[in-house]
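Enquirer: In case it's useful when we look at the structure, here is the feature table from TrEMBL:
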- E137, D167, D206: S-adenosyl-L-methionine binding site (BINDING)
- 374-383: compositional bias 'Basic and acidic residues' (COMPBIAS)
- 305-327: region 'Disordered' (REGION)
- 374-399: region 'Disordered' (REGION)
Amino acid sequence: MSQFSEYKDLIQAGDLALAWISRDNIKPVRITPGATFNTRYGSFPHDDMIGKPFGSQIAVRTRGSNKFGFIHVLQPTPELWTLSLPHRTQIVYTPDSSYIMQRLQCSPHSRVIEAGTGSGSFTHAFARSAGFVFSYEFHEVRYGQAKQEFEDHGLLRDGNLAITHRDVCQDGFAIGKNDTTTFFENLQSDDGVSPAKIDANVVFLDLPAPWTAIPHLEEVISQDSKVSVCCFSPCIEQVDKTVEMLEKHGWVDIEMVEIQGKQYESRRQMVRHLDHALQRLRDVRERKQIGLERRKRMFNKLISDQEEPYEERPETPKTEYNPFGKGSRVKEGDTGFKWKEVSKVESEIKSHTSYLTFASKIVEKTRDETLVTKITDQERENAAKTPIPTKGENKKGKP
Ligand SMILES: C[S@@+](CC[C@H](N)C(=O)[O-])C[C@H]1O[C@@H](n2cnc3c(N)ncnc32)[C@H](O)[C@@H]1O
């Protein structure tokens, strides 16, 4: 199974690991005996990582100093991959992808259409949760790179992902035997020849012109369950055209949202008083005056031809802590000072801030009464078998 869908405890040779160097610097590493992972903080032998649990801190002594550089070696997850992947395109970040997946109710029952694949950021998240993902990319080089990456990450081997080289706006989503696709290489349609049964109930379109792909969805979406779609577009004009096309093709519950993912950092800030500001102004003025007088004396000595016009600069007495900048460092929260709790918004937001247009559709609106009766009977039977907890027992029937 892919490392993205199954957790393991220990780092082994051949594993993909993500080296956490700093919050903004996470690098993928293929663990290879004898190899070294070089960073500006030091060179980390892969052999030091092998056999350690994922999440371990690996330290090396920095050359020529007594200090240590360290990294953390992490288990790959779709979220960390999004932060470390090689960018081939704009990507969908986790604040957006997590919201989209829950709005589309993505689950192991979902058959997902994703176009385009781009850098494969969202594909990793879909592949972990969905029953099956059909991803499409029309850029040949990008298709090849994504295919290779999915193969290296074991996603194709997991058997719930296929990538197809296709212009979906022009040629739609149906996949046949003669198409450039991993579908027939890794999986089989029933007879290995007939077109893939797509039957999608989740659709995600991250394309420059999603409205041109919408009419093609008719032939590949599920006919007997609710289908949900999300179009990811950076401009409101694109949203406008998408909404128009969705309405024209019978999609309902159309709603547009935008994720404004912000991270708030909580910290303490020293309470500063007006007295401090006044004292600081007095200090500055006083030092300026002393400096001026010193320079004046030196100048007079110079023009009177005195030897040694240079005067030693007087040692500035170390002042008390100056809350406006200079002075001795005070640790945040030092009990000798007054502090207030503040929150600061993280300046860099890892979110694409596109508009997300959601809609849904139920093609076959008649109910299969026999199936409904069968399911409700089964549910009733299950409920009857489950003992109702008496007072003083929790739900698991334990006192
Ligand atoms: C913004 S990127 C998608 C990024 C992706 N969602 C991710 O998270 O990495 C859009 C991709 O759609 C592809 N694309 C554009 N038009 C397309 C089309 N008509 N059919 C298939 N792919 C298309 C582009 O080549 C590009 O790689």
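Note: Cβ is positioned from N, Cα and C throughout, glycine not excepted.
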Enquirer: Validating a neighbour-count step here. Other CB atoms within 10 A of the CB of D206 (S-adenosyl-L-methionine binding site): how many?
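Expert: Total other Cβ atoms inside 10 Å, all chains included: 24.
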Enquirer: Using CB atoms and a 10 A radius, I'd like the single residue among the binding-site residues E137, D167 with the highest neighbour count.
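Expert: That would be E137, with the most Cβ atoms nearby.
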Enquirer: Residues other than E137, D167, D206 within 8 Å, Cβ to Cβ centroid, of the S-adenosyl-L-methionine site?
Expert: A115, G116, T117, G118, Y136, F138, H139, R166, V168, L207
Enquirer: For the compositional bias 'Basic and acidic residues' (374-383), what are the DSSP-based totals of helix, strand and coil residues?
Expert: 10 helix, 0 strand, 0 coil
Enquirer: In whole Å, could you give the widest CA to CA gap in the S-adenosyl-L-methionine site formed by E137, D167, D206?
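Expert: Pairwise Cα check on E137, D167, D206 gives a maximum of 13 Å.
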Enquirer: Where does E137 (S-adenosyl-L-methionine binding site) sit in DSSP terms: helix, strand, or coil?
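Expert: In the DSSP reduction, E137 (S-adenosyl-L-methionine binding site) maps to strand.
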